[in-house]
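Asks: One structure follows; several queries about it will come next.
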C-alpha cells in the first residue's frame, strides 16, 4: 500500500485546524497510520527543506517551519501521493481549486497550511526524517 508524508504546518496548527484537515483526509478514505505534534528547530527545518537551499524563499520557509508546532503524518492508501496532493490543492492558494485545503484554509503561498510529498522516493525520505522504524513497526 502506498504511503506519503503530510505535514500540517505551523499556521494551521496555530489556528486550530488540525481536526478540520485530518477529517478531510479521513473523508477521502485515506488512512492515517502515524501522527505526532512537534516543533522543528531551525536546523531541522533547514535539513528537511535542503532540496530548496538555493531557492530565494529558503530562509523564509525554514524560519516559518520552525516558528511553531507542526503535525507530520503518514497517510496510506491506493494512489495516496496523488490523492493527498489533490486534497491539498495548488501551492498558491489563489490558484488552488475550490474545496481544497489550501483554497479553503491557507493564508498565502508560504503559510499554505500543509505540505505533501510529491513522489514515492521523496515520500520515503520524508517519512524517515520524521518517524523512526520503531514508530512504524506494527
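Along the chain as shown, residues are numbered 1 onward.
Backbone N, Cα and C define each Cβ position, glycine as well.
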Asks: If Swiss-Prot gives 9, 57, 85, 91, 102 as binding ATP, which of 20, 112 does it give for that site as well?
Replies: 112
Asks: In Å, rounded, how far does the Cα of residue 57 (ATP binding site) sit from the Cα of residue 115 (active site, pros-phosphohistidine intermediate)?
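Replies: Distance (Cα to Cα, whole Å): 15 Å.
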Asks: When DSSP is mapped onto helix/strand/coil, what comes out for residue 115 (active site, pros-phosphohistidine intermediate)?
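Replies: It is in a strand.
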Asks: Expressed to the nearest Å, what is the distance separating residue 91 (ATP binding site) and residue 115 (active site, pros-phosphohistidine intermediate) at their Cα atoms?
Replies: 9
